[in-house]
Amino acid sequence: MASVTFSVPKGFTEFSGLRSSSASLPFGKKLSSDEFVSIVSFQTSAMGSSGGYRKGVTEAKLKVAINGFGRIGRNFLRCWHGRKDSPLDIIAINDTGGVKQASHLLKYDSTLGIFDADVKPSGETAISVDGKIIQVVSNRNPSLLPWKELGIDIVIEGTGVFVDREGAGKHIEAGAKKVIITAPGKGDIPTYVVGVNADAYSHDEPIISNASCTTNCLAPFVKVLDQKFGIIKGTMTTTHSYTGDQRLLDASHRDLRRARAAALNIVPTSTGAAKAVALVLPNLKGKLNGIALRVPTPNVSVVDLVVQVSKKTFAEEVNAAFRDSAEKELKGILDVCDEPLVSVDFRCSDFSTTIDSSLTMVMGDDMVKVIAWYDNEWGYSQRVVDLADIVANNWK
């Protein structure tokens, strides 16, 4: 059976979503191709604390549409393209940029590099990816999209706009059966983080959220800390790469700090990531809070968490707990790095979170500090594919 490297390629030209790179970080793991196909299939029963659901049988591929072909939309397609035997079939993209832009920006990416696939326009209404035709439509109103005509099963909602039931529900009105929001959902939309609470997924829910990239980084190792040592309270700071929601040069924005030039400043701003952990780990409600510092890097972010714990411990014991989880229930989700690396080294990491073991600290015997890296685009998009796989494998 073929083996794929579940790690980060080092050379810039290799940051392209390659399906067969032999380059890897010192802490990289090799998983079988079956394990890489989906985090669902690497250990379905191990995810979460309740023993998990059993993977269902998908007889035919589910038809998938991507709404919004921006950073997450394009990363999602590359991640999906790198999977073998996926139960998903991307057949449509809704984006206002049109076919030429969709094709060009998928092929050439300033962060990921050149996509190792034959990507080109196919007429005026579709793009071709290695010969696969994907229809491109353009409508800002999701309720008017041709999801019924195309037989769409799952919509990947990647605009960051339609994040409540009313907005995301427009895809259902248009004929789609399920919607996965690639952002924190608003209201009572169920939130799932793969490796944390995905075993609780209910097929009865037409709209679900994959949470934020930072919550996907934070929740897995917070789960370990709480289970092993008992979290009393804590605070988090994510030093986060700038995003499209900031201004390139000083310009109007509802957040006066985000109105300032993203590439020239450290920009303090809000994040709901810490509080959102309670959506997937309810016992931590009210125990965590945090802020974000947006910095002049285009990708990769790092979480700094400080918590007070009820069980006395020391740094080596904390790291040992992470290593144990990385080999068991959080395999493929959490990793531990022992090398003195920097942010660029984690670009295109498939993991949701990578603990920087040398930076783990314990003050006294009950205040724990943990530093964790994450690729806020690529790693997050891998989890979106995994969550879509969960939906597919539980299809009724």
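A Cβ is built for glycine as well, from the same backbone N, Cα and C atoms used for every other residue.
Annotated features, as they stand in Swiss-Prot:
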type	residues	note
ACT_SITE	Cys213	active site, nucleophile
BINDING	Arg71, Ile72, Asp95, Arg140, Asn376	NADP(+) binding site
BINDING	Ser212, Cys213, Thr214, Thr243, Arg258, Thr271, Gly272, Arg294	D-glyceraldehyde 3-phosphate binding site
SITE	His240	site 'Activates thiol group during catalysis'
TRANSIT	1-60	transit peptide
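DSSP assigns Arg294 (D-glyceraldehyde 3-phosphate binding site) to a strand.
Ranked by how many other Cβ atoms sit within 10 Å of their Cβ, the recorded positions Ile72, Cys213 place Ile72 at the bottom.
Taking only the Cα positions, the spacing between Arg140 (NADP(+) binding site) and Thr243 (D-glyceraldehyde 3-phosphate binding site) is 21 angstrom. Secondary structure from DSSP puts Gly272 (D-glyceraldehyde 3-phosphate binding site) in coil. Secondary structure at Ile72 (NADP(+) binding site), as computed by DSSP, is helix. When the recorded positions Arg71, His240, Arg258, Arg294 are compared by the number of other C-beta atoms lying within 10 angstroms of their own C-beta, Arg258 comes out lowest. Under 8 Å, Cβ to Cβ, and six or more positions away along its own chain, Gly272 (D-glyceraldehyde 3-phosphate binding site) finds Pro184, Ser212.
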